[in-house]
Amino acid sequence: VEWTDGERTAILTLWKKINVEEIGAQAMGRLLIVYPWTHRHFASFGNLSTPSAIMSNDKVAKHGATVMGGLDKAIKNMDDIKNAYRDLSVMHSEKLHVDPDNFRLLSECITLCVAAKFGPKEFNADVHEAWYKFLMAVTSALARQYH
């Protein structure tokens, strides 16, 4: 992926403002509520039977924070995201057997939560476009092992 200076600045500026615990918990909760078939990957998380159970589940929040924290690896390796995520791609493909489309679904949930948090002044069209491109690069890197 090639980044313009504007895209790189938009992504890095936004990333500095993101609270990974807050956005991670919200995004993971949304994923599990909106796409209930994803529950099968999180059987060890306990009660995922209702939206309120999901949103108050500490394991959901912790995993969401872990996922968001993992984006820091992509931030620090924006020019080589695929290689930075090689091991995670192998793990999700060969050990966890995660449907690679779930990465895209989670990216959408993350984007919704970020947009809701920062609003249209900070998360304007240009920032949204750069952020989307960034998350699609991460999604592609995570799905790499499946190809």
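A Cβ is built for glycine as well, from the same backbone N, Cα and C atoms used for every other residue.
Residues or ranges marked as domain 'Globin' by Swiss-Prot: 2-147. Per-class residue totals from DSSP over the domain 'Globin' (2-147), listed helix then strand then coil: 120 helix, 0 strand, 26 coil.
The heme b binding site annotation in Swiss-Prot covers HIS63, HIS92. Note: HIS63 (heme b binding site) has non-local neighbours GLY24, MET28, PHE42, PHE45, i.e. same-chain residues 6+ apart with C-beta under 8 A of its own C-beta.
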